[in-house]
Amino acid sequence: MGKREGKWFYLFISPWLIGFIGLTLGPILFSIYMSFTDWDLFQSPHFIGFGNYKTLLTDDPLFWKSVGNTFFYALISIPVGMAISLWIAYYLNKKLKGITFFRILFYLPSVVPVVASSLLFIHLLAPTEGLINKGLAIFGIHGPAWLLDPHWVKPALIVMSLWGVGGGVVLLLAGMKGVPQELYEAAAIDGARSTQSFFHITFPMLTPVIFFNLVTGIIGALQTFAQVFITTAGGPDNSSQMVVPYLFQNAFQFYKMGYASSIAWVLFIMIMALTLLVFRSSALWVHYEEGKANE
Amino acid sequence: MSKISHVEKAIAYIFLIVVGVLLASPFLYMISIALASDETTVKSAFTFVPAEFEWSNFVTIFSNNNLGLYLKNSLIITVITIIGSVLSASVVSYGFARIKAKGSKILFVVLLSTMMIPGEVTMVPQFIIFRNLGWVNTFYPLIVPSFFAGAFNVFLIRQFVMGIPKSLDEAAMIDGMGHPGIYWKIIMPLTYPILAAIAIFSFSWNWGNFMGPLIYINDPEKMPLALGVQLLTTVGGGQMPPWNLVMVASLFLTIPMVLVYLFGQRFVYEANISGGSSGIK
């Protein structure tokens, strides 16, 4: 029985197991090896030890610039996006006429493929004819050149990311539905206003969802690619260059396969370190209902 | 929430309408550019609310710019990847959920841990493998990997299968049914809702995927829409891209996503909840 079961088990999981060996484990080992060589796809690779990592970390200002830009982008777009999505969820959770319409409307931008939204934002963010600067002009604000200005290109990408803010609202709304109604009733009897019960009841109960959104947000932001590639190609003056577009450039435009592999591993370490940091911090601020945490 | 006062109601509506207008206006602008004439496009004199209705753009894009071909390529790639990812993840998840064997627990941990590896790590070596197989400028690098069961999909279905009472399997086993029969006739049909969610995830990932085609496809005849749209903007000789046509193509890229969301949101919602909350715990 046991042996027969084993045969069936491996037969059933074989699609994954073969893929794991051929498309994940094999490539990982290959990538580690490549990162220690100077391979350029055309000549045979030479083993250069930690040469790529040394260059990357000590002698490549453009890499550090792209790391800095990526972190700047992540550090602002994630908290701002999370605050706005929480704010939106607060209102979308109210029992109002037509609320379903608003829920759908607020979610729609997040299903727009990034290619389409990037091309659209080239126009929305255009210096004089763009809709955003025209809108700002109504309030007497002279808008910047956004994607064309080295100082404003990162804020421009952040504005772009905020259009899709509704994507994170879905889980927040689901979390809000899970908050026991009695808590609000008790708070109302004690005279709490709705904003008070939001900060003292809803918010703590939502911290697991916020935690989830934070982790996925960090991983996503550090992997930003298509927006940059399409709107600015890293410019102007490399002020929007980010890690993944830089990796892409090295691998598929310069064919520096070894160097690109070392960038990938440094990126992997950055993602892991940040994720671990957030997981460690969660004990301080993520509230789990007692007894439910180990469910 | 309990009773809402009139003031609160008014504030809520003002907020929802203001944010709603802000979020909806890019869509309106997209339509406005898509319907602009060539003269307006050259001058970049687009209006917020459509002022021109150049419906012929929707014909031109097919006759002059290969849109039909891009759509066909996207459709082929997307349909096959959906079939591949749903089918493979479904089979594999049955193995993990229902068959006890030596090494199954460790392998499941391995499967979960692969979710932590960013695609960028395997991107370069995979390219070299597929290049050596002669797969550059074919659909294979975009569709073949989907037949090897994505870890997240396996995880989602497995969680779902774990919730199905084991007595069903046991009864079938007494009737002499083996694992293939139990999987195909009993378990799989019960997992349709989660399979639908995975089909939708797979659709949205592949329909809009830009990086994959960018790496593997250079031949315009083989490009899916997401890459083809971008190709429209890369015109040489200091010329302006035909932005009105680019936006028409962007609409063709966007509308299927919207439709799939509208019709499939029920499944996605449930999968999000179960996947999201199990991810938290």
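Cβ atoms here come from the backbone N, Cα and C positions, even for glycine.
Sequence annotations record features per position, and here TrEMBL assigns domain 'ABC transmembrane type-1' to A:67-278.
Residues 45, 47-53, 257-258, 261-262, 264-265 of the same chain lie 6+ residues outside the transmembrane segment (A:9-36) yet bring a C-beta within less than 8 angstroms of a C-beta in it. What TrEMBL records for A:9-36 (among others) is transmembrane segment.
The annotation transmembrane segment is assigned in TrEMBL to A:71-92 (among others). Sequence-remote contacts of a segment are chain residues at least 6 beyond its ends whose Cβ falls under 8 Å from one of its Cβ atoms, and for the transmembrane segment (A:71-92) they are 99, 102-103, 106, 154-155, 157-158, 161-162, 165-166, 168-169, 172-173, 176, 198, 202-203, 206, 210, 213-214, 217-218, 221-222, 224, 242.
The transmembrane segment annotation in TrEMBL covers A:104-126 (among others). Remote same-chain residues near the transmembrane segment (A:104-126) are listed as 88, 92, 132-133, 146-147, 156, 159-160, 163-167, 169-170, 226-227, 230-231 (criterion: CB distance under 8 Å, separation of at least six residues from the stretch ends).
Sequence annotations record features per position, and here TrEMBL assigns transmembrane segment to A:156-176 (among others).
Residues or ranges marked as transmembrane segment by TrEMBL: A:197-222 (among others). Under 8 Å from some Cβ of the transmembrane segment (A:197-222) lie the Cβ atoms of residues 70, 73-74, 77-78, 81-82, 85-86, 90, 161, 168, 171-172, 174-176, 178-179, 183-184, 187-188, 243-244, 267, 270-271, 274-275, 278-279, 282, 285-289, all in the same chain and six or more residues away from its ends.
Same-chain residues lying 6 or more positions outside the transmembrane segment (A:257-279) and placing a CB less than 8 Å from one of its CB atoms are 31-32, 34-41, 45, 48, 52-53, 55-57, 63, 67, 211, 214-215, 218-219, 222-223, 243-244, 246-248, 250-251. TrEMBL lists A:257-279 (among others) with the feature transmembrane segment.
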